[in-house]
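Pulled from Swiss-Prot, these are the features on record:
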type: SIGNAL; residues: 1-17; note: signal peptide
type: REGION; residues: 111-176; note: region 'Disordered'
type: COMPBIAS; residues: 114-140; note: compositional bias 'Low complexity'
type: CARBOHYD; residues: Asn247; note: N-linked glycosylation site
type: CARBOHYD; residues: Asn389; note: N-linked glycosylation site
type: CARBOHYD; residues: Asn529; note: N-linked glycosylation site
type: CARBOHYD; residues: Asn601; note: N-linked glycosylation site
type: TRANSMEM; residues: 690-710; note: transmembrane segment
type: CARBOHYD; residues: Asn720; note: N-linked glycosylation site
type: TRANSMEM; residues: 721-741; note: transmembrane segment
type: TRANSMEM; residues: 753-773; note: transmembrane segment
type: TRANSMEM; residues: 784-804; note: transmembrane segment
type: TRANSMEM; residues: 832-852; note: transmembrane segment
type: TRANSMEM; residues: 864-884; note: transmembrane segment
type: TRANSMEM; residues: 891-911; note: transmembrane segment
type: REGION; residues: 966-988; note: region 'Disordered'
type: CARBOHYD; residues: Asn974; note: N-linked glycosylation site
Amino acid sequence: MIRLVFLFLLVVLSVELLDFRSNNYRQIINNALPTIDPQMISQAQAAINPYTDIFVNPPNSFVDFPMANIASSGAFWQQPQSTVSQVAWNPPVSTNPSSSPAASTISFQSYQNPSTFPSTTTASTTTSTTTMPPTYQTTTKSVKKNTETLWTTSKSPMKLSKNPKPSKLNQKSSKSSATSFDSAQLSVLSHRLLNDVLIIPSSRRLYILAIIPIHQSSGQQNFECGEIDVNAIVRMAAFLEAQKTINESNLLKEIGVDIGAIIVDSCSTDLRSVADLYELLSGTNIQKSDLIAIIRDDSTFMPNTEQIIRQLNLPVVNTFFTTRSAVQTSGTLPSMFLPIQSIISALRHYQSTCVNIIFDEKYSESVSEFQQVALTEGICVEVAIHVKNASSTVSEMVVRRLLLSEARIVVALLSEDTWIQMTKALRSEMVIAGRFVFISMQDQRWTTSRKFIESWPTFEQHLISITPKTPINHEEEIKKLTENIPKLSLPNLWLKQFWSSAFKCHVDNEDMGGSNSFSRECATTQSLNISQVAPDVDVASISLATHAIGIAFRSFVDRVCPGALVISLSDCVNDPFVGFHQSILDSDFVHHLSDIPVSFNYSTGFRDISLRINRVQFVEDRLQFSELGIVDPIQFTYQDSSDTATPSARGSYLLMSSTCPKSTCAKELAKSTIKQQLPSIVKALTDLEIMIFTIFSVLSALTCLMCMYLKVISVSEYRNLTAVTFLGLAFLSISAPAFIIPPNSISCSLRKLLFPIAISITIAPVFVKTVLIWKSIGSSSSSVLIAFCIVLIQTVISTEWLLLASDSATEFVSTLHGTMWRCSPGDSSEEMILLSCSLIALLSLLSFIFALATLKHSQSLQHLMISILAILFETALYVSLPLIPYKTRDTVMATTILIFAFVALLLSHTGKSSAKKESECGGTLQKTNENWLQHVVQSPQDQMTLVKNYHTASTHAQSTMQFEKRSEDTLRRNTSLYGTEGYELPTP
């Protein structure tokens, strides 16, 4: 027992000695000072923040432009120190430039030690003062090479290796300060990285990598940067403001963390972005584990950059309409599927059925989605042109191809450079003003970029743009950013270029990416108004992306490692990024820059927001956007908010209507439209023409039945077969509407089964009668049985053809004769029905032969004519129907059946039938030959005796025998005298 207790105590002691804390946290605790005094506490706090010693030794071009404190006597580029008003950039005069003035001033912090950012600012209703950061001395003397240095922040060395060797500088700093993390002073061979990267420090290794196009592309080598983008500066300010707000909120303060940022200037160029990311992750000690997410604010097509982002496997939040799907990618704006649906909804609203599409590599996947949606919605894409490069030659060829098409509306899914070349090509090809209506995604640079501003005066076509709906509080956010932009710690070069581009002036003679091309020199006093500098800027998407990452981070920490001291995102989970991306998708919050609660569509990963469709007009040297309609993202419905037939600036009218009936696409669209509309029996019941035709068919069937009754009571010979023939004509009349009803399972079955049976009921008795007459056989019950057997054989044949045919009753056919749904097997459906009646055709031919052989018989003439009619009927349909269009073919077939029934009904009353030779009194005496009447003249007494004998014959057999004998003697005598029967007594 004592051994067990001792063993239990050892187990408990070993568990207590286990340390589950992270390596960083254990290092912090192990390096704690033994004595507690204020100085040691400050050193310990510095040890917890591994990014305190971030410092950049700027290149020589930055040294000439210190922005630590803007001078109060003149423009900031002319004085070493200066101050600027909060809203109006009009610095007051001060006698002491080194101290902050008493008035409302804002200090512009230069590209300095970011450990002091953001600066402590005390704001009141009228004034605000900013404490100036201290000056840090660089230690460039310890570096042998004369290169630019970057004080980096991570414990890891420069190269991305798991077990790197510590540098000498790291060993030296660890000896000097045992309470801080190792800091590495790494050599940066490229000045470009210093110009392209801005780091906002964090007390932890938690950074958001923001890819923002601070500069535009040069458009030449696709590597160098062009002019600065004032929209990007404003959006970067919104990003920094959102980051500051989320760090100062209780959301992150409660867990003791704050999130930093690494802003990379992509210059809207793929190669430069790749170089910056590569040097950032391999040329500095910034590691992948320091990054928690990526905010991509550059919508430029950058396949190589996207490949690097996929290799990083970080959650990506896009702030634009995403054109390509990727893993762990979401967005605060919808994907391109929603703008495509918006365009289609607007086109359908204005009854446009035909469009053209021009696109480049960026929208290659979106075009396939557009074509699929357009096909389902009944809109034809006449021409889809892939613009492979942004050259003038290619653009001119595209314009020539558009001029050859019928469509007036052109959906232009183009990048910036391609769109510029397209506007030039429209001018060089001298396209008539208002010839096309272009629909494109609205770009913020349309109102700020010099390339666009110079192209709008010569653009004479109509332009429709798609853009997110502006939130209600957007203007208030712009005013707030107007006050905060001068407070940002921006690189001096960025600030000079922003000033120059915003006020269309040049600061000095330095090369600043084309900004010195402005001839006017910048004034010493300027008022900043973002609504005029960047009138179309949208800051909501990037602000919401930052807040979504912050809220998702808190949710992820609470779910995975609650209560832990989080230094990096991988402290609790080995692979945290999949779960963190899921936390971003699950985030749901309310923000003042969104009219509805912010949430992500779980199936797509993007937000569903309302889109605004604008009409763009260049009026008085400015672009004006007038709203045409709003698209609901839930129901994909378009709500028109203005008239689309309003006059433009040049007197033409915008007509959102485009058709191309002669194009191949329209024909294919018609096929798809007809194919989608499956015929049904319900539609046939409501069609007026079909109902009228059916009424005539029923009347024809009733007429045949009435004639059958009259014929049966008036004919003594073969009356049963005659009744069956008339019954077949009635069934034939009823089968006629099946050919005019739209093809469906019921009508097709009636066509294949009822028509052959009806025609067999009509022809089989005629065939049996002709054979019996030819054989001189009288009518009997067996003759009806023979006709019934023939009908049964035809029924079996038709049923087998119906069951052994294709599985579907209908088939969609598109040939020269038309495009429509038809009974299977499609084009040859009527031909197959007539082939199934081959037995009836053979019987009709035999009936014709036998009737011709017994033409002397009284009923042979009508049998002959009915046989000829049946042969002509079947032959004419079999030969002519394949040559008739589909819509006319069914009508011809149904009408011919009714005509055949009516003509056969008339032919059945022709010929020398015995019924026509009988008298109305039952067949006593007919006036056939006057010579016969002269030799047989009876007195009235003899006539009365004859009548009495007739009545007596019905009751007395002996009298009947005498009467028959007398009649036979009279007939024999008349035959010998005149060669014909003089009269005929009725058969008892």
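The backbone N, Cα and C atoms fix where each Cβ goes, and this holds for glycine too.
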Taking only same-chain residues 6+ apart in sequence, whose CB is under 8 Å from that of Asn529 (N-linked glycosylation site), what do you get? Thr482
Please identify, among the glycosylation sites Asn389, Asn601, Asn720, the one with the smallest Cα-Cα distance to Asn247 (N-linked glycosylation site). Asn601
Applying the under-8 angstroms CB criterion, which one of 721-741, 784-804, 832-852, 864-884 scores highest with the transmembrane segment (753-773)? 721-741
Chain residues in Cβ proximity to the transmembrane segment (690-710) (below 8 Å; excluding those fewer than six residues from its ends, i.e. six or more beyond): 684, 722-723, 726-727, 729-731, 733-734, 736-737, 740-741, 894, 898, 901-902, 905, 908-909
Protein Cβ atoms within 10 Å of Asn247 (N-linked glycosylation site), excluding its own: 19
Once the chains shown are all counted, how many other Cβ atoms turn up within 10 Å of the Cβ of Asn389 (N-linked glycosylation site)? 12
Across all chains shown, how many C-beta atoms besides its own are within 10 angstroms of the C-beta of Asn601 (N-linked glycosylation site)? 16
When you scan the chain for residues with a C-beta under 8 Å from the transmembrane segment (864-884), skipping those not six or more beyond its ends, what do you find? 759, 762-763, 766, 770, 817, 827-828, 830-831, 834, 837, 840-841, 844-845, 847-848, 851-852, 855, 892-893, 896, 900, 903-904, 907-908, 910-911
Distance [Cα-Cα, Å, rounded] between Asn601 (N-linked glycosylation site) and Asn389 (N-linked glycosylation site): 35
Using a Cβ cut-off of under 8 Å, list the residues of the same chain at least 6 residues beyond the transmembrane segment (832-852) that approach it. 751-752, 755-756, 759-760, 763-764, 766-767, 770-771, 773-774, 790, 793-794, 797-798, 801, 805, 825, 860-861, 863-864, 866-868, 870-871, 874, 877-878, 881
At the level of the C-alpha atoms, what whole-angstrom distance separates Asn389 (N-linked glycosylation site) and Asn720 (N-linked glycosylation site)? 86
